[in-house]
Amino acid sequence: MYTPIPANTPAPTAPTSSMTSNSSSASNANTTSSSGINPRNRASGTPSNERARPASGISSFLNTFGIRQNSQTASSSAAPDQRLFGTTPSNSHMSVAMESIDTAPQQQEPRLHHPIQMPLSAQFHVHRNYQLPISISLTAPTTTDHQQSSAHNFEGNNVGNVQESLNQRQPNGTNNTTTSIISMAPAATTRNIVGGADGSTIVNNSQEMYKNLRHLIYAANQPNGTEILHLDLPATSAEESNNMFNVDEVTLKQRKDKHGLFSIRLTPFIDSSSTTNQGLFFEPIIRKAGPGSQLVIGRYTERVRDAISKIPEQYHPVVFKSKVVSRTHGCFKVDSQGNWYIKDVKSSSGTFLNHQRLSPASSLSKDTPLRDGDILQLGMDFRGGTEEIYRCVRMRIELNRSWKLKANSFNKEALQRLQNLQKLTTGVEEEDCSICLCKIKPCQAIFISPCAHSWHFRCVRRLVMLSYPQFVCPNCRSSCDLEASFESSDEEDESDVESEGDQLVDQLSVLMETSKDVDSHP
């Protein structure tokens with residue numbers, strides 16, 4: 001390594017001890033190997049070589065600790081110093097030679113200049129607008145060949161390797177995802193799926209039809225949403241079929257959300273009249289999908305967890321932590337008119353719609369239409385349902401945003417009366433929940449304490465249950481008894497009479513005072 005020395009600095013003296021000479025000789029060898037200087041230039045005995053000895057000693061000292069200086073940085077920084085301090089042309093020529101020699105091995109062994117390539121699903125996951133369509137196989141074996149799957153128009157996604165592809169849009173804006181789908185299943189079970197519906201066309205292998213049921217979520221502009229499903233509807237009357245498929249534009253628009261997707265909401269069904277257990281409890285599930293989509297219903301496993309962790313929750317399959325639910329129990333389907341269907345895919349414990357089984361064990365069922373408010377049950381209790389993992393799943397179905405309550409004049413007036421009550425009691429009009437700091441709006445579950453403070457019930461529920469029946473207001477710290485008995489009707493009548501009597505006394509006192517004032521003035 002070459003380090004320039006200013007002109008006003010005295011040149012270093014020759015070494016006077018054997019220790020110094022030994023260290024300098026060792027440092028020369030290290031300098032030759034580290035900086036890449038030609039040994040022939042070192043043997044020329046120029047003064048620049050002698051000036052480089054102190055710097056080479058520093059480099060040898062650093063090499064003893066495993067620290068290697070960057071020769072390219074030192075050489076690039078040495079050139080300006082040479083121009084500043086007026087070094088000789090020979091020294092400047094040496095610095096150029098050092099740079100050229102140092103850059104040569106770097107070109108032979110280039111460093112990694114590009115970041116680590118993430119899977120395609122991980123790249124899209126960081127964006128808020130997730131790209132559709134999505135295809136996931138919950139039972140296919142794991143593959144690691146990302147490049148092979150990305151060559152297709154619509155990649156086959158496996159557990160642990162979820163690959164999504166962008167919608168190939170033509171210049172006119174249409175979606176070009178209705179081409180053939182090549183599944184990533186093993187070669188022994190190769191399938192040709194036309195139109196994007198899994199299991200629609202299978203050549204000479206009907207038993208493998210739904211063995212690898214795929215979870216398909218299409219975008220809102222998916223054409224031919226009803227045709228690609230290949231629905232196998234039960235025998236119904238002509239009037240029912242016309243009402244199902246002939247939907248006006250106003251109704252169709254109401255079924256879609258702001259992104260043009262249809263939705264389904266599943267909530268636990270609790271039957272208070274039942275003497276047995278109430279089934280598996282789960283949080284409300286909301287899924288959104290475009291026309292022609294197919295949502296898999298199955299069991300939650302580690303493979304499923306790895307697959308769904310890479311996509312947003314609203315596009316997840318419907319999975320439950322219950323062993324009475326098969327790995328691929330069934331599927332939901334939605335057509336272009338927003339009609340939803342349920343299909344049992346050879347489940348062992350069965351699927352029950354409004355307490356009626358769709359198909360026998362290990363057999364396919366028809367695509368049964370769903371209606372808002374239907375009760376769906378997956379499986380039957382095993383071992384009496386004593387353990388939660390062996391309980392069936394009962395749920396209520398709500399379709400296409402029907403659970404969204406619309407605020408009417410009555411709801412708005414009730415909220416306004418509540419706000420006026422708070423203003424009269426506390427003197428301050430509170431519009432926000434003091435726990436979540438969100439506004440209290442109509443059609444929301446609200447808890448009102450005796451001190452006239454209010455919160456969202458889901459926000460204050462833990463405080464209510466913590467010391468029930470006693471409740472301490474988190475706003476004013478007043479305590480009350482939530483189990484206090486109501487006043488009887490007789491006591492209410494007496495209180496009303498007393499209040500009316502007090503009002504009459506007040507009015508009489510006011511009249512007497514006014515009469516005295518009139519008499520005092522002539």
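The backbone N, Cα and C atoms fix where each Cβ goes, glycine too.
Annotated region 'Disordered' per Swiss-Prot: 1-56 (among others), in sequence order.
Annotated compositional bias 'Low complexity' per Swiss-Prot: 14-35, in sequence order.
According to Swiss-Prot, the feature compositional bias 'Polar residues' maps to 36-49.
Per Swiss-Prot, region 'Disordered' is recorded for 69-92 (among others).
According to Swiss-Prot, the feature ubiquitin cross-link maps to Lys211 (among others).
As annotated by Swiss-Prot, ubiquitin cross-link applies to Lys256 (among others). Around the Cβ of Lys256 (ubiquitin cross-link), a 10 Å sphere holds 18 further Cβ atoms from the protein chains shown. Secondary structure at Lys256 (ubiquitin cross-link), as computed by DSSP, is coil.
Long-range Cβ neighbours of Lys258 (ubiquitin cross-link) (same chain, at least 6 residues apart, Cβ-Cβ under 8 Å): none. Per Swiss-Prot, the feature ubiquitin cross-link maps to Lys258 (among others); the stated evidence is similarity to another entry.
Positions annotated as ubiquitin cross-link by Swiss-Prot: Lys288 (among others). The Cβ of Lys288 (ubiquitin cross-link) has 22 other Cβ atoms within 10 Å, all protein chains considered.
Per Swiss-Prot, domain 'FHA' is recorded for 295-358, and the stated evidence type is sequence analysis.
Feature annotation from Swiss-Prot assigns ubiquitin cross-link to Lys310 (among others); the stated evidence is similarity to another entry. When secondary structure is read from DSSP and collapsed to three states, Lys310 (ubiquitin cross-link) falls in the coil class.
Positions annotated as ubiquitin cross-link by Swiss-Prot, on the basis of similarity to another entry: Lys333 (among others). Neighbour count (other Cβ atoms within 10 Å of the Cβ, all protein chains): 24 for Lys333 (ubiquitin cross-link).
For Lys343 (ubiquitin cross-link), the same-chain residues 6+ apart in sequence whose C-beta sits under 8 angstroms from its C-beta are Asp232, Gly330, Cys331, Lys333, Leu358, Leu364, Ser365, Lys366, Asp367, Thr368. DSSP assigns Lys343 (ubiquitin cross-link) to a strand. The ubiquitin cross-link annotation in Swiss-Prot covers Lys343 (among others).
Taken from Swiss-Prot, the feature ubiquitin cross-link covers Lys346 (among others), and the record attributes it to similarity to another entry.
Its own atom aside, the Cβ of Lys366 (ubiquitin cross-link) has 16 Cβ atoms within 10 angstroms in the protein chains shown. The ubiquitin cross-link annotation in Swiss-Prot covers Lys366 (among others), and the record cites similarity to another entry as its basis.
Under the heading ubiquitin cross-link, Swiss-Prot lists Lys406 (among others).
The ubiquitin cross-link annotation in Swiss-Prot covers Lys412 (among others) and is backed by similarity to another entry. In the three-state DSSP reading, Lys412 (ubiquitin cross-link) counts as helix. Around Lys412 (ubiquitin cross-link), the C-beta neighbours below 8 angstroms that are at least 6 residues distant in the chain are Pro442.
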Rounded Cα-Cα span from Lys346 (ubiquitin cross-link) to Lys256 (ubiquitin cross-link), Å: 31
Three-state secondary structure, which DSSP defines for Lys366 (ubiquitin cross-link): coil
Tally of DSSP helical, extended and coil residues in the domain 'FHA' (295-358): 10 helix, 24 strand, 30 coil
